[in-house]
Amino acid sequence: MELTTVWFILIAVLWTGYFFLEGFDFGVGVLTRTLARDRRERRVLINTIGPVWDGNEVWLLTAGGATFAAFPEWYATLFSGFYLPLLLILVCLIVRGVAFEYRSKRPEENWQRNWETAIFWTSLLPAFLWGVAFANIVRGVPIDADKEFAGDLLDLLSPYALLGGALTLTLFTFHGAVFTALKTVGGIRDRARRQAAVLGLVTAGLAVAFLAWTQAAHGDTASLVTAVVAAVALLAALAANHAAREGWSFAFSGVTIAAAVATLFLSLFPDVMPSTLDPAWSLTTENAAATDYTLTIMTWVAGFATPVVLLYQSWTYWVFRKRIGVQHIAPDHPAGGAPGSGASGSGGRDDGGAPDGPGGPGSPEAPGGPEAPGDDLAGVGGGRPQGAGS
Amino acid sequence: MELALAEETLARWQFGITTVYHFLFVPLTISLATLVALLQTAWVRTGKDVYLRATKFWGKLFLINIAMGVVTGILQEFQFGMNWSDYSRFVGDVFGAPLAFEALIAFFFESTFIGLWIFGWDKLPKRIHLATIWMVAIGTVLSAYFILAANSWMQHPVGYRINEESGRAELTDFLQVLTQNTAVAQFAHTITAAFLVGGAFMVGISAYHLMRRRHVAVMRTSLRVGLITLVAAGMLTAASGDRLAKIMYEQQPMKMAAAEALWDTEGPAPFSLFAIGDVDAGHNVVAVEVPGLLSFLAHDNFSDPVPGINDTQAAMEAEYGPGDYRPNIPVAYWSFRWMIGFGMASLALGVAGLWLTRRRFWLSERLRTGSEEVPRLALTRDRELGEGLTRWYWRLAFATMAFPLIANAWGWIFTETGRQPWVVYGVLQTSAGVSPSVSQGEVITSMTVYTLLYAALAVVEVKLLAKYVKAGPPELTDADRNPPTRIGGDHRDPDKPMAFSY
């Protein structure tokens, strides 16, 4: 097989990894609004992905970096062409990362609520926009003879692209719901299954429409097979969900995502970005690729590194394999109560839904917030010399 | 919308703003990862509470900081394609590989193991948990190496050829890209400068608490670790900087001539302490100089000539055709001075601190302090600094926290603007690298969005850091002192709350 084809497949694998993994953590982010009933439940949801979302996101950076190295022209045309949607995605990912890390760092109601709102929107928007982007890649965009994007924002918002966005949004949310059912205990687990049933049906409808459209306009035999696999896997996921077989349900929703990504890439091949202006101007695995020398080095490094990455990332999931419920959430552990002290040190703070923070109206850094808890917490650290020898 | 600006101006400003901002978090992440790992190692080996409390305290600040470093780094990965698509097309074959490896090898390491470290206190046996923070530290250093190798290739392209047909640079020797002297020297300089930031950060915050006689045991230990880091890193930064400068005199004489505002080739060449130049006329109006020192910095002797701006300009015109090959000279001159000045000032403070807080060496019995006392600042064997001066030292130590960060930022501004008008030195000019399909309106939009977002996040981050700094190290619980013995956590109580939750 030619190296350019190998790398086309590897890029598809990286995107599959990204959508499989970050797909459920986007979904969980959306569910913080639709499934969680109060702050404790929202925290359960956030903590199901807490230890892993950052590692999941690196699949995107790797896909981006690998595209840059293996298909420089694709990287250049895609990211300069999809400028504003990509800007929106990046802003979401920036805010989202900070939101996970900072949300629990202050006890005030306003602070936490604002970051929770941020988590919802910054999960929902990329989940939608990635579908729009990939639908556009498959459908083709105006690309001129110099391999430059020659369209505008409206070219990116066709009905097909919007349908693609709706599909990824519901598919990822479904994937997130079955993940939640797999990772939680108590009432939230049962409700996650019920919500997954509804989401799965909506996803199935959208998936059939989108995959049929893709198949009709761009597909071949191979993509037909993967499209059918995606549809069957989705139904299997729904059935397993109905039977409360949560592990199977999650596995099948993962297969759905992988098969859907495969369908898109098979429909695309050998183009990587078709031009709607003139097929001769399309970017292909040949005319967008790096040299054989670079691809050879990349293949060796990826061949060794990727299995190692899969190994230690899988190990992470195994370490955090325990289901969690509201009883496992550590009470708020603001300053002074670093990991561990929450359980006994600064316990007793009611972190239910009731607005009890002293934050007052306004932004996360509302006046009144910073000082009051700071003082009350200074006592936790204490002025007494501690430690050495004690 | 098109403004009367050079095509690359907006894209350059955006790159400058987002990269300098990103790099405020990077050096602290690199150094604190290792320093926290060292503190945790000390705890695992000695079992002393003071080290665990220090680990948790600095670890918390590290996490607040790394979150910003990670998210602002996402943008960096895509910015080349968004604003610099012609650059990306031209260099992708060479430049893309180290970027891809950085993600595949370093980012995965960092991001996966940081999750294990944050949530792993009650899930991993203590030695395995310790290993996770070391993995993070290794990841940060690997990441630095790959990205600096890529940047070094822009400073001094090697191991490539130009494909005449496609007009693109093509990789011919990847090992050379990774191991060329520019990459090694830049890596050494950047990593040591990163530890300068981490050392000063620890010293500053420890001084803040010690001045108030709070959290003495932990802060005394931290002060010591910080001072040693600051002094060692400071000396190594100076040494590696000297080495890098010598390489730059060979590879980019224009950058170094601009750094000195040395208009005409001189031998022996003087080192400029202060200058006001007239760029159009090509000479300095005011100049305060140390004779011969520049020759020494460039060549290790006090007489060899150092090429000046005007002669280098003439030589470059002969080589590359007519054009202005001079970078912005006042920026190069002053950024070089701010870099060295702020960096060395923090080193000086570290040396002073190490001397003043020494434990036994040349110190009378009366001035020695125990592990739970605030160190007394002893000038000589029997003489302590007065109360006023002691307060001033602590205050100055606190303020110095910012110095290495300022030095790092100016260092990057110097090395990147000093390379202009080239984006890949001698091969591709910056103006040829921008995205033809992106309008100035789009660049202004994204620049406005990033600037506002980054400003807001800076306020949030600094306030959060301040809150956790003030709160001091946490008390320890029995659970902290007795980590689980099996992977996944002990199974004593299925409903036990997690040690840490988001």
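Each residue's number is its place along the chain shown, starting with 1.
From the backbone N, Cα and C atoms, a Cβ is placed for every residue, glycine too.
Annotations in TrEMBL come from automatic prediction, not curation.
Noted in TrEMBL for the protein shown:
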TRANSMEM  A:6-32  transmembrane segment
TRANSMEM  A:74-98  transmembrane segment
TRANSMEM  A:118-138  transmembrane segment
TRANSMEM  A:158-184  transmembrane segment
TRANSMEM  A:196-216  transmembrane segment
TRANSMEM  A:222-240  transmembrane segment
TRANSMEM  A:247-269  transmembrane segment
TRANSMEM  A:297-320  transmembrane segment
REGION    A:331-390  region 'Disordered'
COMPBIAS  A:337-347  compositional bias 'Gly residues'
COMPBIAS  A:379-390  compositional bias 'Gly residues'
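Sequence-distant contacts of the transmembrane segment (A:6-32) (same chain, six or more residues past either end, CB-CB distance under 8 Å): 42, 45-46, 48-49, 52-53, 55-57, 59-60, 62-63, 66-67, 70-71, 96, 116, 119-120, 122-124, 126-127, 130, 168-169, 171-180, 192, 195, 250, 254, 257-258, 261-262, 265, 269-270, 272, 285, 289, 295, 298-299, 302. With a threshold of 8 Å between CB atoms, the same-chain residues lying at least 6 positions outside the transmembrane segment (A:74-98) that come near it are 29, 54, 57, 60, 64, 67-68, 118-119, 121-123, 125-126, 129-130, 132-133, 136-137, 141, 143, 147-149, 151, 153, 156, 272-273, 283, 288. Contact between the transmembrane segment (A:196-216) and the transmembrane segment (A:247-269) is present: at least three CB pairs lie under 8 Å, with pairs separated by 6 or more positions in sequence. Between the transmembrane segment (A:247-269) and the listed ranges A:118-138, A:158-184, A:222-240, A:297-320, the one holding the most Cβ pairs under 8 Å is A:222-240.
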